[in-house]
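Novice: TrEMBL lists these features:
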{"type": "DNA_BIND", "residues": "124-221", "note": "DNA-binding region"}
{"type": "DOMAIN", "residues": "7-120", "note": "domain 'Response regulatory'"}
{"type": "DOMAIN", "residues": "124-221", "note": "domain 'OmpR/PhoB-type'"}
{"type": "MOD_RES", "residues": "Asp56", "note": "4-aspartylphosphate"}
Amino acid sequence: MGGDLMKILIIEDNISLVSTLKDVLESNSYEVDYILSLEEIDDYALLNSYDLILLDLMLGDYSGFDFLKTIRDDIKTPIIILTAKNTKEDIMRGFGLGADDYITKPFDMDILLARIKARIGRLNQEIYYKKTKFDFDRFLITKECENVQMTSTEARILKFLYDNKGIFLTKEKILFNIFSSLDTSERVVVSHIYNIRQKLLEINADDPIENKWKVGYRWKED
């Protein structure tokens with residue numbers, strides 16, 4: 001993801017909201033592109049050139065959920081959902097399909113900016129647990145020349161656990177620090193931890209996560 005400015009893609013069919021978002025983001029030193037319909041995307045691979053995507057879920061005849069499901073295995077760009085769909089089921093589905101954050105409309109622009117900054121801030125660190133390397137900048141887990149890609153949220157959760165190594169962190173604390181909210185179900189944390197562990201199993205990597213029933217999660221001591 002290059003350029004002097006962080007690049008954000010807005011996928012939203014409300015041109016008035018797009019215009020407002022574009023003005024605010026550009027005034028905060030982001031480079032902004034937008035599309036009003038998923039039909040405008042010729043090559044999904046180009047989405048990886050962005051530092052962050054803001055995705056509406058209701059795009060005319062197209063579902064943002066279906067789009068997210070289609071691209072998530074190949075596109076590792078952080079995705080923040082912006083939507084009027086505010087049920088618990090919708091929020092859980094969004095995170096389950098790989099969204100990095102979920103913000104319901106109407107929203108406060110300052111809060112959106114804070115969440116954007118949190119999502120695209122570089123993690124800048126590689127660390128090892130036993131024989132497994134965790135690259136928090138490139139979202140990679142590597143063991144013996146095999147690697148698996150994390151989502152940015154998975155990387156942030158692991159980094160948060162590592163930064164508090166040896167201390168059990170409650171699901172509530174992880175929610176607040178990673179998602180900037182306590183309104184999201186704690187099941188989201190459980191789901192992300194499960195996904196991380198499945199990826200570790202794919203390459204027979206060492207699992208640094210210890211969980212204690214009704215207490216929380218921690219990064220194990222080496």
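In case you wondered, yes, glycine gets a Cβ from its N, Cα and C as well.
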Novice: Check the domain 'OmpR/PhoB-type' (124-221) for me and report the mean pLDDT.
Specialist: 88
Novice: DSSP secondary structure for Asp56 (4-aspartylphosphate), reduced to helix/strand/coil, please.
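Specialist: DSSP call for Asp56 (4-aspartylphosphate): coil, neither helix nor strand.
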